[in-house]
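Noted in Swiss-Prot for the protein shown:
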type	residues	note
DOMAIN	27-112	domain 'Ig-like V-type'
DOMAIN	128-203	domain 'Ig-like C2-type'
CARBOHYD	N42	N-linked glycosylation site
CARBOHYD	N95	N-linked glycosylation site
CARBOHYD	N139	N-linked glycosylation site
CARBOHYD	N145	N-linked glycosylation site
CARBOHYD	N156	N-linked glycosylation site
MOD_RES	Y282	phosphotyrosine
MOD_RES	Y302	phosphotyrosine
MOTIF	300-305	motif 'ITSM'
SIGNAL	1-22	signal peptide
TOPO_DOM	23-224	topological domain 'Extracellular'
TOPO_DOM	246-333	topological domain 'Cytoplasmic'
TRANSMEM	225-245	transmembrane segment
Amino acid sequence: MARFSTYIIFTSVLCQLTVTAASGTLKKVAGALDGSVTFTLNITEIKVDYVVWTFNTFFLAMVKKDGVTSQSSNKERIVFPDGLYSMKLSQLKKNDSGAYRAEIYSTSSQASLIQEYVLHVYKHLSRPKVTIDRQSNKNGTCVINLTCSTDQDGENVTYSWKAVGQGDNQFHDGATLSIAWRSGEKDQALTCMARNPVSNSFSTPVFPQKLCEDAATDLTSLRGILYILCFSAVLILFAVLLTIFHTTWIKKGKGCEEDKKRVDRHQEMPDLCPHLEENADYDTIPYTEKRRPEEDAPNTFYSTVQIPKVVKSPSSLPAKPLVPRSLSFENVI
């Protein structure tokens with residue numbers, strides 16, 4: 001029977017969500033990641049029958065004076081301390097951010113009272129970083145722009161600077177700080193503070209005198225490096241030009257030497273027999289070399305026989321046959 005009455009009450013509550021009710025002031029609540037937050041209800045003026053809690057229109061719990069009668073699955077994260085109607089949400093996550101609503105029902109009031117909250121879950125801030133954006137040194141005055149930042153930029157983070165060392169402490173709002181320091185002035189410590197609704201964090205102090213001295217040293221070193229680079233570039237360019245000139249000169253020298261040798265060879269080979277080069281016919285008469293024992297004699301006579309080109313008729317030939325005779329060595333020219 002009790003379970004049936006609870007169901008009837010819960011059904012009536014859902015039906016009354018659409019009814020226009022008196023609303024309280026919207027409250028903003030900030031919670032740290034993995035931390036906890038309490039949505040407080042101050043309802044001492046009226047007699048409360050029950051309170052219904054919702055998150056972005058999702059039902060969370062219904063609380064009566066004698067305890068919780070119905071609750072969603074987040075029982076380990078949602079509690080109602082001291083038996084009151086206020087709700088405590090622990091183990092916060094980023095997706096817990098959103099709108100929370102408490103509807104208060106009383107028999108003494110015809111309309112329900114509504115209290116709304118907006119929860120934002122933030123991370124704890126890390127140590128801020130200080131970077132040098134721009135620096136200059138003119139007329140003995142060193143001007144440096146410092147910028148402070150954290151890993152949680154954009155999550156409702158505000159920045160401020162605190163300067164300690166020159167009389168009273170000075171404060172500057174904003175992430176960027178421009179300072180001017182002259183040689184001989186008293187140094188000061190500059191500290192950046194980053195803050196969000198759940199935490200604040202401080203940077204490591206920086207000192208303008210050291211920054212300016214380091215900047216001057218770096219500038220001198222940079223100039224020295226630039227001079228060295230320029231001198232090296234000039235030397236390299238000179239070496240390249242010298243190599244090109246030397247290579248071109250060697251090639252031209254070899255060409256002139258070859259031309260000179262060619263001319264000298266042409267002059268050393270004169271035309272000794274120009275009359276033989278024109279219409280020169282060369283006849284080669286083959287001959288057969290025969291050796292006989294008589295060739296070894298010390299006194300050998302050679303006869304040159306010229307055979308005339310005479311053609312005799314057959315009638316003039318002698319009738320007696322020719323008898324072969326031995327001849328000495330003959331060379332026919």
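The count begins at 1 with the first shown residue.
The backbone N, Cα and C atoms fix where each Cβ goes, glycine too.
Structural mapping of features recorded in Swiss-Prot.
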| residue | record | Cβ within 10 Å |
| --- | --- | --- |
| N42 | N-linked glycosylation site | 9 |
| N95 | N-linked glycosylation site | 7 |
| N139 | N-linked glycosylation site | 5 |
| N145 | N-linked glycosylation site | 14 |
| N156 | N-linked glycosylation site | 12 |
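Across the structure, N139 (N-linked glycosylation site) and N156 (N-linked glycosylation site) are spaced 40 Å apart at their Cα atoms. Mean pLDDT for the domain 'Ig-like V-type' (27-112) in this predicted model: 87. Reported as a whole number, the C-alpha separation between N156 (N-linked glycosylation site) and N145 (N-linked glycosylation site) equals 23 Å.
On a Cα basis, N95 (N-linked glycosylation site) lies 38 Å away from N145 (N-linked glycosylation site). In this structure, N139 (N-linked glycosylation site) belongs to neither helix nor strand by DSSP; it is coil.
According to its DSSP assignment, N156 (N-linked glycosylation site) is coil. In three-state terms derived from DSSP, N95 (N-linked glycosylation site) belongs to a helical segment.
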